[in-house]
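Presented below is the structure to which this report refers.
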């Protein structure tokens, strides 16, 4: 019994190898198909990537071209807008210099933020007539109120204009000249002392009106103007001796610096203000 | 042997040619009529039936934010109109070369490029309105009305029709902006075209009209809730007009009575 070998496996042997072979073939076919699919996918992805890149380049070129064509006009518009603002707070007949290109840069907590602020200097025959300082009133109802104020040589206010704000339309936006003439109430006003109590809104027993239904906005502007005026009065001497930081003068300075290839240390703000 | 039957004489040839010419002319006329009908339909869709502001309710963010004055509304309306025309025309022109899978990013690229160009041009030639519109100018990129038209119409139609569709959709949007601006400016400030000089230059200061003298501004009209209410009123008005037209049509069809003559004579 034990000598007898079951013939069935022998018969099945070739069919087993056939099955393995067909399995291998099937696997190979599957691998080929996967490869083909992957390569098709890779081709599609790379093609799409190229097309997308091409469009991105085309769009960038178009925007770059328009930017290049409008660059000078934008600069001109910004300059005109600045001059218009400056003319509204310092009478153009009072000075004879190029006010937009005669300025100094400064940074101080009294100016509302730690950002750099610009002061434009109006001169007549070389003598300083007035200075227009950009400043910020940080306590507005909806955040910062950026303004520019002109201060005469005698310390009186020549004019104030709000440049940017997020105050409530119809309430706080009366700080804009086109909405109300409230902002002109600063004209000609002076600080009698650093803590002049008159510089407040009427609700705080001051000399400036507030708006109906809005006290926070005018209070913030009055505080901002007072703080800026205080800062200028205190540091007038050191501020006006600073080098020009605007326009052609600045370009000349940077050209000289680059030709000498030297790095100058930044100005010490604190030292200048002492 | 040829199957073709030779014409009997030159007269037959002339007649055949004339018939062909007439058919061609008729086809041309039909094509022109179809095109006119298509343009008319596009105009009706853009301005009334499928208005982006009133019907699709797209681009509501700038629609409600910048319409406190007519000048601002007109500025944004013109900017959106320009972007719609240009993006539609461009999308239509490139429709055969853009694979389906990446069409949306390409459309966004095109729209963003045009918006940036419009922004730069406004910065250069309409500085006042550029400052006045602020963030809402670059936000035109996210206006669904623009990408919607690019996807739904421009990517499937020829350039002329696509550009015209952009023009009509843009006009429809601009008209709603201006209407809202008129309502809100009159009620809120009692003026019309206040700050027109920001958009058109210094000469336009004369366009400012004092409609009524207000002791204090009507805040609701100026603030965003007022914009929502005004918008709701405009939508309700449009729906009322549509219903009125629909009812009128029903009445008209009911009134048509067919007269039948009955003859009893044998």
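Numbering starts at 1 and runs along the chain as it is shown here.
Cβ atoms are placed via backbone N, Cα and C, with glycine included.
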Transmembrane segment according to TrEMBL, located in which of B:40-61, B:106-127, B:194-215: B:106-127
TrEMBL annotation of transmembrane segment - which of the ranges B:18-37, B:218-237 it falls on: B:218-237
Folded-back contacts onto the transmembrane segment (B:133-150), same chain, C-beta under 8 angstroms, at least six residues removed: 52, 56, 58-59, 61-62, 65-66, 72, 75-76, 79-80, 83-84, 87-88, 91, 104, 107-108, 110-112, 115-116, 118-119, 122, 165-166, 169, 173
